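Step one of this worksheet: look at the structure below.
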């Protein structure tokens, strides 16, 4: 297919690759994120790189570039990627300007296999060389040949790359990349490498910069945040980091994800309890309640230790909402093992749980285990577990009816229901709250904070419908100011149902009456 030869030195003033225009204006991009918060934050960096190179978001037009940022944790992530790539094949045939790039953990794992399965893909890049994407795209365009570049170690710490934050009022900050654990079900350490920690000063500088730009909430990210500091010889570094973040003026909400039960220490619990802007919420992955299965998983803790952590957290932070991850059907799991998990879930009283059916991941020790659990058994156990957790979540949420929730309003509330006109946001303990603005009251902007009465509850959300304006309080925040300024800068109308939402902050858009 014909291409205009690129400028032999396609660099902008900052040294970044710029894309040739080919007489049709700036090329448009779309980033599709498949995976966890790490991937979503990486997608913000991909977006920043692309816009720095001259691309613009594909709003109301067909993209010239589609970038997939992939996950390799579960089999359905593979299926989702190749399904979407298949849908793009005919689009590529009729649009010779379209480029397709695949990055992230699945790209790091599958490498050239992606191009073999989907030869219409132009670029495959890994978790360690996100910054190379603009160069690889230009090389693929110039050479008219797919470019596959996977590095075995980190090229540049990702936070050094340009970043376009999806929301002005909230953001992620990476404190480390990679993982030193050896869980038998997980392929992430192979794909993201050994843990590398940023220095506290760099992290705090990024947090301050976010707050200065209007952010009121920051989430600290790492594969195992409470092992932060081991690389530079300070095992208490994470607790110190939480306290230091707590001293940053204007930062209203601090969250972090994810810790590991084996390394979760009381100094972190104390820092959470004693730092007012660290939110009363904790995500603590259980994975299994069976000590036998935990040993096979190489999780380095047992159920008694796990429950002890929850007890200590609730002793210091009585209103803490605790969430978890659970795998059902790990190889060798017996009915008794599963019953042990149900018992721990019942005792833990999680506010919610991310439950997963185990899927074989090639390259992991668990994938080689002979005693795989039949799919029908896994499905039946999964349904029993989710029924138990749904009941616990609903009961805990119903106990909040009659209390008030302080809600940070989300920009991603989804389509307004004609019958309820509800907006959405997150409470201090990270519960999803759908609320109405009473007649005569001022509507909030995304990033503002409202105080509303909880009037209803379901398993995974709260409802807040103030009877009148006297039950509703709005606090216009710096976050709302930042959101409004960003809208004006982009000459965009406030978010609507048709707006692209490539990266979000974990705010579901589903609303039920």
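Keep in mind that glycine also has a Cβ here, set from the backbone N, Cα and C atoms.
Here the structure is a predicted model, which means the values were calculated and not measured.
The annotation [4Fe-4S] cluster 1 binding site is assigned in Swiss-Prot to 36, 71, 105. Under DSSP, residue 105 ([4Fe-4S] cluster 1 binding site) is assigned to a helix (H, G or I) in the three-state scheme. Same-chain residues at least 6 positions away in sequence with a Cβ under 8 Å from that of residue 105 ([4Fe-4S] cluster 1 binding site) are, in sequence order, 35, 39, 70, 71, 72, 73, 127, 187, 188, 191, 192.
Taken from Swiss-Prot, the feature [4Fe-4S] cluster 2 binding site covers 179, 183, 186, and the record attributes it to sequence analysis. Residue 186 ([4Fe-4S] cluster 2 binding site) counts 21 other C-beta atoms within 10 Å of its own C-beta, drawing on all protein chains shown. In the three-state DSSP reading, residue 186 ([4Fe-4S] cluster 2 binding site) counts as coil.
Per Swiss-Prot, domain 'MTTase N-terminal' is recorded for 27-142.
Swiss-Prot lists 165-395 with the feature domain 'Radical SAM core', giving sequence analysis as the kind of evidence.
Look at Swiss-Prot and you will find 398-468 tagged as domain 'TRAM', backed by sequence analysis.
Annotation comment: Swiss-Prot describes 1-22 (among others) as region 'Disordered'.
Residues or ranges marked as region 'Disordered' in Swiss-Prot: 490-513 (among others).
Per-class residue totals from DSSP over the domain 'MTTase N-terminal' (27-142), listed helix then strand then coil: 60 helix, 23 strand, 33 coil. In the predicted structure, the domain 'TRAM' (398-468) carries a mean pLDDT of 91. Every protein chain considered, the tally of other Cβ atoms within 10 Å of the Cβ of residue 36 ([4Fe-4S] cluster 1 binding site) stands at 18. Mapped onto three states, the DSSP output places residue 179 ([4Fe-4S] cluster 2 binding site) in coil. Taking the Cβ of residue 183 ([4Fe-4S] cluster 2 binding site) as centre and 10 Å as the limit, one finds 20 other Cβ atoms among all the protein chains shown. Here residue 179 ([4Fe-4S] cluster 2 binding site) comes close to 186, 188, 189, 192, 194, 195, 223, 224: these same-chain residues lie at least six apart in sequence, with C-beta atoms under 8 angstroms from its C-beta.
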